[in-house]
């Protein structure tokens with residue numbers, strides 16, 4: 001007879017599992033997360049294996065390497081002196097009669113690099129970093145991104161320059177950092193920032209000449225001031241020209257104004273030191289500086305008003321031709337045999353040669369026109385244009401100072417002494433007038449920029465098109 005089973009042995013528990021619906025997108029995300037986690041674990045394992053392998057190789061290399069006699073060696077910043085660097089340093093007395101000992105190289109430098117030297121140098125660097133304790137944020141500066149020609153607005157594009165463009169809405173800090181980053185404007189910035197040679201020559205002249213009381217030197221003072229100003233202004237214009245389209249125009253307005261004032265400085269020096277003997281006290285000589293002031297204002301106005309490169313080039317060619325008329329006449333007299341070729345005229349000839357070369361490079365876009373994209377960073381025409389202009393200015397400065405020194409007695413005997421109003425007064429008046437012209441042309445651009453920044457509801461398509 002089968003024994004009756006207890007009732008509790010036949011009871012069953014029923015568990016109701018709710019049905020979970022997982023969409024296709026969620027399945028894809030879960031699978032992708034799993035794959036990324038697997039890849040991360042594999043990379044971690046590989047990195048640990050590589051570190052362990054490198055550590056074993058370095059240890060084995062140090063064990064089998066040749067060890068010369070022990071001597072005191074430096075273990076790095078914070079490590080003091082020990083026997084660790086004896087394979088590359090040896091202590092010797094500074095002189096036969098002295099007791100002080102100095103470390104000298106007893107082993108080839110390649111021995112330091114090949115026989116465990118890389119690991120030791122890395123250890124020294126780590127000790128130095130921990131000893132100095134520099135903040136990590138100081139070394140985490142990110143340089144601005146560069147773009148191609150089809151990624152920037154048309155106003156920022158240069159002919160035959162394909163790459164290396166900075167962001168058209170860069171901040172002031174980005175512009176400064178970009179001067180230390182290789183782009184298509186880096187050499188343009190430094191070729192006009194590095195000619196501090198002019199500033200050094202000006203300081204030397206200030207120490208050797210009496211600019212305060214000797215009125216004969218005042219035209220040279222004005223000329224040297226403007227020679228130092230125009231390269232620095234050009235460098236600043238190239239640095240901050242990518243903050244916005246409006247700021248680009250304003251920056252180059254100041255560049256054009258500085259070049260116009262430089263032409264005025266040339267006129268002052270030519271009218272007082274270079275003028276031919278037969279033209280002294282003539283009507284042309286008496287009105288030479290006044291006409292040069294008008295040329296300066298015309299040059300700044302036309303270059304700021306017109307976007308045409310032909311008109312801008314003509315605006316600068318006109319003052320150059322007028323200023324060099326006395327110089328051309330003196331050179332023609334020497335060619336005709338009426339005078340001898342002096343050191344000053346030799347420098348002027350070199351100056352004219354580089355002036356014509358500068359004009360050719362500015363208008364011809366050579367050599368990047370022959371191979372677009374090959375000279376984006378080095379060797380394009382604007383860089384060569386800057387270098388040629390600076391070299392030409394150097395020869396002009398040497399010629400002016402040579403004429404000022406050699407013709408001083410004759411000019412003081414036959415001509416009038418330069419006045420304060422005719423030199424420094426002319427400089428101040430021309431500076432104020434040129435700044436006024438720049439302000440007139442810059443005001444609409446600033447107003448336009450302020451209006452565009454105060455319109456937050458501009459559509460995304462319109463912003464992208466701009």
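Using the three backbone atoms N, Cα and C, a Cβ is placed for every residue, glycine included.
Nobody curates TrEMBL annotations by hand; they come from automatic prediction.
Owing to the predicted nature of the structure, the values given are computational and were not obtained by experimental measurement.
Site annotation (TrEMBL, ligand Zn(2+)) includes 382, 386; from 238, 249, the additional listed residue is 238. As stated in TrEMBL, the feature transmembrane segment covers range 283-305 out of the listed 283-305, 398-420. Segment annotation: TrEMBL labels transmembrane segment over residues 344-363 (candidates 184-203, 344-363).
Residues of the same chain lying 6 or more positions beyond the ends of the transmembrane segment (422-447) and with a Cβ under 8 Å from any Cβ of it are 215, 218-219, 221-222, 225-226, 246, 249-250, 253-254, 257, 260-261, 264-265, 268, 289, 293, 296-297, 300-301, 304-305. With respect to Cβ pairs under 8 Å, the transmembrane segment (218-240) is most closely packed against 252-271, considering the stretches 252-271, 283-305, 317-338, 344-363. The number of other CB atoms found within 10 A of the CB of residue 238 (Zn(2+) binding site), across every protein chain shown, is 26. It is 382, among the binding-site residues 382, 386, whose Cβ has the fewest other Cβ atoms within 10 Å in the structure shown.
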